[in-house]
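**Student:** Pasting a structure below so you can have a look.
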Amino acid sequence: AAQVPQGLNAAPCKMAGRRGAWYVPCLASLETIQELCRKENLTCKSLGITNKNLKSYEVEYLCDYKVEEGTEYFLVKWKGWPESSNTWVPLKNLKCPLLLQYFHSDKNEYLSRLKRSKAVILKNHIKALNPVVAQYIVKKAKQRIALQRWKEELNRKKNHKGIILVENTVDLEGPPLDFYYINEYKPAPGINVMNGITTGCECSHCPAEKCCPEEAGFFLAYNKHRQLKIQPGLPIYECNSYCRCGPECPNRIVQKGTPYSLCIFRTNNGRGWGVKTLQKIKTKRFVMEYVGEVITSEEAERRGQLYDNQGNTYLFDLDYDSDEYTVDAARYGNVSHFVNHSCDPNLQVFNVFIDNLDLRLPRIALFSTRTIKAGEELTFDYQMKGSLDVTSDSDAVSPTRKRIRTVCKCGALCCRGYLN
């Protein structure tokens, strides 16, 4: 993306064996190890560093700017090289229009925030950015790279149709450090979330008279347009892996995963991360499933005290039939981990049974309560008293009760003031 800078070591690589054993920190990132390899002139097939590209240079991001003797220069961070190898490169040698755009955008954003619009003139008559501005630009560049890698990781791990985007135009917060994406429940030792199914329906075209919902004593949850037609509080029984029907069965909705493209974004009012839809969602449509670790209520009580002190709300009681288990999405979860609370939500919770008929362990599905426009934030009521809920509190699935009252920032006209 630029001409090779002068002054950098271009000596041929040395064999690793001549240096003896070479160790790197076990928790080092791939990029850190690549930088160490190039610094030590080591090749590694696993890292993609060969004799051919050991001394290659690609612009990773731009760090600083100056004008010297009428020539514009940018300080370049080279991909796969440590920051000690950064060099000043004339603008005419740079072939990275997008990175230049990011640089100027980040600079202008920072200056506008501080109501400062002029660079600093140094004593040696070199026009340059204020170091504080340059530091901010580097932080934004590192954040952008980190969020891009996180987005790629999320899309590798998800098993649903829609894509996942990540966006932060608010602050310098990067990806959560202790969050692991999963697509289904992660049971704690001793808990079986695949239990109770030995047979399925014999329908050739569901729903027939003896389809799964009817066998369980309930109505089919979906109409011919695959929209929800039952009231909150009633369970959803979908066809399972033993059923005769195929994957296009109209009673297989939740098990197919999120059908929409979603964006995890940073909110601008102190609510942390949130989720917005990138597509229009019609009313009473399945949007996503709430997944996490399945733990006992006793363990949830212990963890809840820790989360209370942090102001977090990730514990979801599975109290459809009893109060034995809880879903904890703090460390393990999917996109629903980032969905915020609202006292006037556009999502509603339903209990779902597919390959497990244990009433103590329903799956938790979120359905739209109204038409949701593209770009609109997705929310659900952490107390499960949404606009469609006509059941009593004992019939609803609710997050575990918290001991410390948390102020609500949902901004709804009907806001109750607290999350709990």
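Including glycine, each Cβ sits where the backbone N, Cα and C put it.
Automated prediction, rather than curation, is the source of TrEMBL annotations.
Because the structure is a prediction, the values reported are computed rather than measured.
OK, TrEMBL features for this one:
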| type | residues | note |
| --- | --- | --- |
| DOMAIN | 57-115 | domain 'Chromo' |
| DOMAIN | 199-257 | domain 'Pre-SET' |
| BINDING | Cys201, Cys212, Cys239, Cys243 | Zn(2+) 2 binding site |
| BINDING | Cys201, Cys203, Cys206, Cys211 | Zn(2+) 1 binding site |
| BINDING | Cys206, Cys239, Cys245, Cys249 | Zn(2+) 3 binding site |
| DOMAIN | 260-383 | domain 'SET' |
| BINDING | Arg271, Gly272, Trp273, Asn340, His341, Tyr382, Lys409 | S-adenosyl-L-methionine binding site |
| BINDING | Cys343, Cys408, Cys410, Cys415 | Zn(2+) 4 binding site |
| DOMAIN | 404-420 | domain 'Post-SET' |
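Please go over these features one by one and say how buried each is and what sits next to it.
**Tutor:** For the domain 'Chromo' (57-115), the number of residues in each DSSP class (helix H, G, I; strand E, B; coil) is 24 helix, 23 strand, 12 coil.
Neighbour list (Cys243 (Zn(2+) 2 binding site), Cβ cut-off 8 Å, at least 6 residues apart, same chain): Gly200, Cys201, Cys203, Cys206, Cys212, Cys249.
Just so you know, the Cβ of Cys201 (Zn(2+) 2 binding site) picks up 24 other Cβ atoms within 10 Å once every protein chain is counted.
Of all the Cβ atoms in the protein chains shown, 26 others lie within 10 Å of the Cβ of Cys239 (Zn(2+) 2 binding site).
For Trp273 (S-adenosyl-L-methionine binding site), the Cβ neighbour count at a 10 Å cut-off comes to 19, with all displayed protein chains included.
A sphere of 10 angstroms centred on the C-beta of Cys408 (Zn(2+) 4 binding site) encloses 19 other C-beta atoms.
Remote same-chain partners of the domain 'Post-SET' (404-420), defined as residues 6 or more beyond its termini with a Cβ less than 8 Å from a stretch Cβ, comprise 269-271, 308-309, 311, 313, 340-344, 379, 382-383.
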**Student:** In Å, rounded, how far does the Cα of Tyr382 (S-adenosyl-L-methionine binding site) sit from the Cα of Cys211 (Zn(2+) 1 binding site)?
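**Tutor:** Cys211 (Zn(2+) 1 binding site) has its Cα 33 Å from the Cα of Tyr382 (S-adenosyl-L-methionine binding site).
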**Student:** Measuring Cα to Cα, how many Å separate Asn340 (S-adenosyl-L-methionine binding site) from Cys245 (Zn(2+) 3 binding site)?
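**Tutor:** About 36 Å separate the Cα atoms of these two residues.
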**Student:** Quick check on the domain 'SET' (260-383): DSSP residue counts for helix, strand, coil, in that order please.
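**Tutor:** The composition, in the requested order, is 18 helix, 49 strand, 57 coil.
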**Student:** If you count Cβ atoms within 10 Å of each one, which of the binding-site residues Arg271, His341, Lys409 comes out on top?
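**Tutor:** That would be His341, with the highest Cβ count within 10 Å.
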**Student:** For the binding-site residues listed here, Cys212, Cys245, Cys249, Cys410, Cys415, which shows the highest count of neighbouring CB atoms within 10 A?
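**Tutor:** Highest number of other Cβ atoms within 10 Å: Cys212.
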**Student:** Within the domain 'Post-SET' (404-420), count helix residues (DSSP H, G, I), strand residues (E, B) and coil residues, in that order.
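**Tutor:** Helix, strand and coil residues of the domain 'Post-SET' (404-420) number 0 helix, 2 strand, 15 coil.
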